[in-house]
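Chemist: First the structure, then my questions, so here it is.
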Amino acid sequence: MNTNGRSLLIIFLVIQCVAILSVAKEFDFFYFVQQWPASYCDSRRGCCYPKTGKPAEDFSIHGLWPNYVDGTYPSNCDSSNPFDDSKVSNLESVLEKEWPTLACPSGDGLKFWRHEWEKHGTCAESIFDESGYFEAALSLKKKANLLHALANAGIKPADGKFHTMGQIKDAITKAVGYAPFIECNVDSKGNHQVYQVYQCVDASGSKFIECPVMPHGRPCGNKIELPSFSSASSRDEL
């Protein structure tokens, strides 16, 4: 092979390596985030129940977010692939239950789901199409089953009782196999409440893993609760 041929081959191999590395570094893992609805409502902004009515007192999905191991994350990765509600029409009844909107004014969830797909889902297009993204999040919620995990540890949300951070984290870790990150908010009386639970998921979006890096959420005090809707600030705008 002559010099020109070798040079072209080297350039070709370099380009291929860069392309492979670019794909591999699209993102490293996901945060799967669930929130306790009554804690969302018991914040300064309050909440509005969705048009479908008051949600169940259960954890609800906030999102499935691609992340890098350095703590940064990609966002809004493909403006040419906007949310199309027809692609999740077969999932809408399940999404309304498991991924409800609590923003005011009351909505049907489409605005919330659009935001999550366009900001986060489009950054995982190598793994999911739009429908697959929402299906993956629903599957992860079912696998995590946080209410069941807490119940097995004798923790019943919305019963007015306080628990230690260790009790709640240990219950989820025992059930799922990996420690979560728990973010809290503080109500008007100064009580710390479980606001969001972050769990880490591998880059395929299917398996829980040990978190490569924990998020920077609001910390929790020694005693925390999972409040009921009756103690939270909400407005019915149906």
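Note: Cβ is positioned from N, Cα and C throughout, glycine not excepted.
Straight from TrEMBL, here's the annotation block:
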- 1-24: signal peptide (SIGNAL)
- His62: active site (ACT_SITE)
- Glu116: active site (ACT_SITE)
- His120: active site (ACT_SITE)
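In terms of burial and nearby residues, how do these features look in this structure?
Modeler: Neighbour density for Glu116 (active site): within 10 A of its CB lie 21 other CB atoms from the protein chains shown.
Note on His120 (active site): other Cβ atoms within 10 Å of its Cβ, all shown chains, come to 25.
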Chemist: Given His120 (active site) and His62 (active site), what distance in Å do their CA atoms have, once rounded to a whole number?
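Modeler: Spelling it out, the Cα of His120 (active site) and the Cα of His62 (active site) are 11 Å apart.
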Chemist: Whole-number Å only: compute the distance from the Cα of His62 (active site) to the Cα of Glu116 (active site).
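Modeler: That separation, Cα to Cα, works out to 8 Å.
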